[in-house]
Structure formats: structure tokens, C-alpha cells
Amino acid sequence: MNADGRGRLDQTPEWTALAKHREELTGTHLRDLFAADPERGDQYTLQVGDLYIDYSKHLVTVETLRLLRELAAATDVFGLRDAMFRGERINVTENRAVLHTALRAPRDAVIEVDVENVVPKVHQVLDRMGDFARRVRSGEWTGHTGRRIRNVVNIGIGGSDLGPAMAYEVLRAWTDRELTVRFVSNVDGADLHEATRDLDPAETLFIVASKTFTTIETITNATSARDWLVAGLGGEEKAVARHFVALSTNAEKVAAFGIDTANMFEFWDWVGGRYSYDSAIGLSLMIAIGPERFGEMLDGFRLVDDHFRDAPAESNVPLLLGLLGVWYGNFFDAQTHAVLPYSHYLSKFTAYLQQLDMESNGKSVQRDGEPVEWQTGPVVWGTPGTNGQHAYYQLLHQGTKLIPADLIGFANPVAELSGELKAQHDLLMANLFAQGQALAFGKTAEEVRAEGVPEEQVPHRTFHGNHPTTTILATELTPSVLGQLIALYEHKVFVQGAIWNIDSFDQWGVELGKVLAKRVEPALTEGGEVEGLDGSTRGLVRRYRALRGR
Ligand code: F6P
């Protein structure tokens, strides 16, 4: 029994029943499941908002799903969900509420943290953002020299970069094409250099995005950006006020950096960095797509929030997706999960999900500090599907690993496409459907032989199949659909963390590297002290210094 009163997860009757059931399913092929139930392709589906979810190509039966839901009930997933929505401090190691859902709550909602209703301040900031975004988009907000802002550069990293950078790509067809919007995250000076080398400082707005405003990469890049701007505007320090705004929870640090807090858009410690792009962190996106479209995106988030909070277990999509991940990770030893969007616009989608999922559930102790005795979060990976088909899908089809995958596609191409480019959409989607089919059903040796393939080649050209996929089919890539998709994955991650009994909302694991980088940096300079370093690092530092002539 844990300190929090939970029995050991992998010794609960629900877990044991699943393990037994998994043994019984050994040797079952998706071909068998479909043959036994001609309705399977229609019945193993759910709909939430604009998202149609086909989970028929999973190695599950009605019994599997029942047992998985029993595990969810035994681990009180819905209890923790309700505590999250109520604003309880479920981020136990940081003693914080987890209220990204409040960021998209309607104006009249009441969500309290320590008896304060946080919804009015959410909308106050959204209104300020909307006002600012309109002024930039209309040209009313000008730079120091009176010129219109034509370039927006967001400087941030992790949750202060990946969300807006991803969403900007996803919604490119909805953006003001007259504006250049770029994202700088890497402390490698090349990132800022490439982002600014062809920009005119007089027309450039920097958005410094950092929850803590202490992140070394962001502060370093922001300082360099300020130097670039001031130098480009004749050494005018005053110019900073018209060209820099901040997104942060830390007004003191923003002021210390030299940005007027009147130009700061606030969010709060109950918004985790990787759950923050629909907060003030989304300002660059809002400038790009406009406040109305941003509002539609929030509506999409809210639609899935409401579904997650209210839908019964049997039709609750985030619950289902979370449980399927547990099924493969804990009962089939799947180590990774592929996310394969069939949309060029979703090129950064998986990178975004990597932080969301891996920073949330890459944990090996339980909420009370006891080690976990079971697998937790998977490695999440993937790129747009058609490109992946000509790269790593070989391993998905014929490798030795079980890799569950999400295939994401849209019924309609974006409205901007016309003529032949629009017509290409069918080919794109045909690839999505074909891959799901090939992964699930493969091609038997008999089928290969029937094609007249020489016997010695038959094993090489046989596809075992039985690779599980979820297909997520949406009507169209709109701001609302993006919000729906992100909320779906946020809550899926939540479900898994709840079952594994880990704190999905802290990220202590990133601290050590940060601390060590600060210690190593002085050793890189001429005469720097290397003696405190371990043997390998000392050798590398000496080699580095020699190569740099230090
Ligand atoms: O180092 C990890 C992390 O703390 C992330 O969780 C966060 O999104 C990122 O750094 C950036 O942090 P900040 O927004 O405070 O600059």
C-alpha cells in the first residue's frame, strides 16, 4: 500500500485481469477480429466535435475495453479529472493547481483557486491580447520610427515556443500573409541570426515568451535581440518599448530585463509550460491569425474539455486513447508511439506532442515518491505520414517492434488550395487509408505466392500486419479543430498519468542538465577550471578549448 492509500498498481485485480486477458489474446490477429465481426469498422468508432475516431484496428475486444475501463475506475481517473477541473492542487510536487482548462472557460464560468475565481483574469488578459493583436495587424501599433510592424519574432523555448510555433504552422492558411512570423528557441546564435538577418529592425516586434523569465536560452537570445534592435535603430534604447513585449508569470523579472510591464501579458503558475499556448503564450499566433480565429481555437479546446469532463467512460475519447496507450505500453511492452499526420501543415505537431507527453509522463516515481514498478510514458515520435512512408515505415511494416500509431487526416484540403493542388488531396488521403490497412492486415505468404513471386522472395515480401493504429479523421483543418486535437492529446496524457500514479505536471528531470551547463560554461573559457569535472567531460572540454585555440 502506498502512502496515498493506493495498492500497488501492477498487483491490483484489474491489472492482473488485463495481464491474463492479454495472454488469452496471444496469436489473435486483426484479420481474425475483423472476420469475426463484419460491423467492427463501424462499431469501434467514436465522435467528439469534428473528430471521428476509428479505433477498430486495435488489438482489443469488447472484453479488453471493459477491463481497461475497470482499471480506469480502480485508479480513479475521473476522480483526479474532477479535482483538476475544480482547481485542486493536483500537481503535488509543486503544490499547484492544474488549470489549463480555465484558459478556455467561458466568460461567465467560475473556477476557483484558493477561493479566487480565475476566469475574469483569464478574459482580461485575452481582451488585452486581442486589443494588442488588432493594433499590430491594423498598423496602428507602430515601431519606434513610426513604421508599421511587419515582422514578429517569438523568443522562447519548450512550452514557450513549441505550442505557438506548431500552431502557426498548422494554421498558416488562416494567417495574415503580409506578416512574417518567426520563432527563435535555440541558444545557438545561428537561430536568432537566421531569424533576423533579412529583417528590418524598424518593422520588427520581439515577443519574449517565458513563464519563469529565467530560462537561460530565452534570456540570452532576448538580450542579443535587444542589442540587434538598438544597434539597428541608431543606438536608441528607448526603441525597446515599441519593439519588445513579454509573456510571463514573473513581472519582477520582466521589469528587471527592461521591458515595461505595461507591455507584459500575464499568465499564472497553474498553467504548465507545455499546456500554455492557449494562454498569453499564444500572442504571436493571435497576431498571425487574429483574435477571432484564436477565440474559435479556444472554443475547440473547450468542446473537448466538456466532453472529457462529461462523457461517460464508454464514449469518452481521451479516456479511450489513454487506455489504449496503457494497453500497449504495459501489456505488450510497446516502447514508443508514432504520431503520423497526413497534412503538411502538421509538420511540427509531433514535436509539440513530444513535450506534452514526454515531459508530462516521463517519470519513474509515483506521486508519493515511491518508485514505479511499471512502464510509464512512451517515446513519442513521427513526422508527416507520406514523407515517413519513404523513410521509416519499412520498420513499422516489417521490423520487430510493436509501434502503435495515430494516423491523422482531414476530409477537406485547406480552402486556399485550388485546381490540381486541391485534387492532390485524394491521393494524400488514399495513402493514409492504405497505410492503416497495410499495417493492420498485412499480406500473407499465400497472397504473395498467388502473385507469382519466386519462393525465395516470399518471406521478404510478406507483411505480418497486426500493427495497431487509431485513425483520427477531421472535417477540415480549422482553428477549432486544432484546439480539439490538442485538448484531446492533453487529456489523453492526463489519463495515462492518472493510471500510472505519476505527477504529469512537474518536470524536475530537466533541472540537472541546466545546473550542470551553468557549471561547465566557465570551464570553456581560457584558463577556466576543469578539475571539478568528471574524466570524460574534462577531456571533452580540454579538446574543445584546444580546437578553439584557448
Ligand atoms: O526546461 C523545461 C522547461 O521548464 C519547460 O517545462 C518549459 O516549457 C520550458 O523550460 C521553458 O520555460 P519558460 O517558459 O519558463 O522559459
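Just so it is clear, glycine is given a Cβ too, placed from its N, Cα and C backbone atoms.
Summarising the annotation, TrEMBL assigns active site, proton donor to E359. Marked as active site by TrEMBL: H390, K514.
Here the features listed in TrEMBL are placed on the structure.
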| residue | record | CB count, 10 Å |
| --- | --- | --- |
| E359 | active site, proton donor | 22 |
| H390 | active site | 8 |
| K514 | active site | 12 |
Report task. Round to a whole number and give the Cα-to-Cα distance in Å for the pair H390 (active site) and K514 (active site). Result -> 37
Query raised in the report: In which DSSP state, out of helix, strand and coil, do we find H390 (active site)?
Result: coil
Report task. Would you kindly give the Cα-Cα distance separating K514 (active site) and the residue listed as 'active site, proton donor', rounded to the nearest Å? Result -> 15
